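Here is the structure we will look at.
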Amino acid sequence: MVLWHVPLLQNRKIQLLLVNMLTFGLEVCMATGTTYVPPLLLEAGVSEQFMTMVLAVGPILGLIFVPLIGSASDHWTGRFGRRRPFIWMLCTGVFLSLLIIPHVSQLARWLSIKTQGLKVALLITGICLMEFCGQSCFTPLEALVSDLFQNGEECQRAFSVYSFMISLGGCIGYLLPAINWNSSPLVPFVGGQQAFLFLLLTVIFLVCLMGTMFVSEEVFKTETQEISENEMCTYHCLPLFRSRTLLSSGKSCLSVIPQLSKLFRRTPKVIRQLFIAELCSWMALMTFIMFYTDFVGEGLYKGVPNAVPGSEERQRYDEGVRMGSLGLFLQCAISLVFSTFMDKLVKKLGTKIIYLSSVIFLVFATLVMCLSQSIILVSLMAGLTGYTFCTLQILPYTLTSLYHSDKQIFFPRHKAVGVVIQPSDNKKGSSNMNRHTVSHKTSYPNGHPGGMPSPSSPTSSPEFHSSIIVNYSSLGAATAPQVNRGICFDLAILDSAFLLSQVVPSLFMGTIVKFTHSVAAYMGCASAIGIVAIYFSTKVIFDKNDLDQ
């Protein structure tokens, strides 16, 4: 349902632009947050070791809740469609974080006499809220793009625009912190440069969010599947959205974790190999991205993040952060350029050569950054990692689409497993269950989803409410080809790889830096992880010929 029926806004190109307005706005906020978060925590007196752990909270929450949000969105019914209620809910969290982070000092003074501890707690809360809600929001947003533009060429064009807006948002998001806003006449009135920047982000985000109110979601068909007693399954029902108490909701969420673990273990070999390679590749790249501004501020500019404001050490650090933001802006700009002709590169050189060369180049670039003290050379290497960034946005998801385009070959025999949704009024003994498969992209997608299956609706009942039912084939049942395996869950696995790639560096990099007494360890670890990624990338199935090796 669209909130306002304006004929001009129903044009397909306009709809595509409206959907991707929020993509742009979210990425601006997330990119700026990536730049600002480590310095903000260090300036508040948080230790380097604890700072990196704080950065892990959002991705950990994402690992737990993103699959649930994705599945619930697939099976939601309501007047505003399946995707937008979840998009708006998560965007509310992003909006609150944009209000909390720049005003933690004022909020702490209003709420308590002892302000320092409360200030740090509020800052951590705002950062975790932004990281979790911002990253989780991409999942239903990407599904909305896939829902609206389903057939081959239209879908490819839609995700090309989507990837362009992701890259453009990243460029703007990394550029904003690199600008010295103190010369703006509005800065003194809003409380300083930091408050002005977050006010600017809030305005951009809200304007982009308004575009989703004019988006029209399509009507889906219902598909049911008959299951006989000889494929008798065990069901675990998790009512997520009509839980009567907060306690029961928490128990429901925790109980799904072991079930998801079982689902991952039953994943086909080709998906597992791709998951491991992508996990290592993203982990190397995210170790670079997450800590690059701190590396430049402390390592190259010799600044001190928690020094007295206005002191020489603090000014050097702030200047280093701005230069680090510029390096990340260059990375995103080069990724944008590569995304425009990645198709031609793949056709000429092949998927395997492009993927492996991108990871090899990341190892080389981070090793140079680790050893060099030249800000020009380091910035150049940072910018050129955009090639790796672009590749990881595209190729894993096009490979997943390839696997699903010929399931008999790539998923030959595997135990049937799936996530199905049961209506609240399902009768005992009923053998009909609603089954749904939706094609959507994962975080930071930039792919061309050729061969994706068309989505279908879980149910047409208005009284439907979401209960996730994880079904497992009995251990004694015969395995069967994964002809009916949907792409949605496999893309959720790739979502998990991206989120997990942020968790591991966040938990351990602070300890490593403390042990080595050098922020150059950030780049050294990124290079080492990249070497591991090269090894696992050679195990990925890039085409049918790799299956014979």
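Just so it is clear, glycine is given a Cβ too, placed from its N, Cα and C backbone atoms.
Just so you know, TrEMBL annotations never went through curation; they're auto-generated.
Because the structure is a prediction, the values reported are computed rather than measured.
According to TrEMBL, the compositional bias 'Polar residues' annotation covers 429-444. The feature compositional bias 'Low complexity' is assigned by TrEMBL to 445-462. Taken from TrEMBL, the feature region 'Disordered' covers 423-462. Annotation comment: TrEMBL describes 16-38, 50-73, 85-105, 117-138, 159-176, 196-215, 274-292, 323-341, 353-378, 384-403, 519-542 as transmembrane segment.
Taking Cβ pairs closer than 8 Å, the transmembrane segment (16-38) reaches residues 9, 51, 55, 87, 91, 94, 98, 127, 130-131, 134-135, 137-138, 141, 144-145, 148-149, 157-158, 161-162, 165-166, 168-170, 172-174, 176-177, 194, 197, 201, 204-205, 207-209, 211-212, 214-215, 289-291, 293-294, 321, 324-325, 328, 332 in its own chain, all 6 or more past its ends. With a threshold of 8 Å between CB atoms, the same-chain residues lying at least 6 positions outside the transmembrane segment (274-292) that come near it are 34, 38, 52, 55, 267, 324, 327-328, 331, 359, 362-363, 366, 369, 382, 385, 388-389, 392, 396, 399-400, 493-494, 496-498, 500-502, 504-506, 509, 519, 522-523, 525-527, 529-530, 532-533, 536-537, 539-541.
For the transmembrane segment (196-215), the partner stretch with the most Cβ pairs below 8 Å, chosen from 85-105, 117-138, 159-176, 323-341, is 85-105.
Between the transmembrane segment (50-73) and the listed ranges 85-105, 117-138, 159-176, 323-341, 384-403, the one holding the most Cβ pairs under 8 Å is 117-138.
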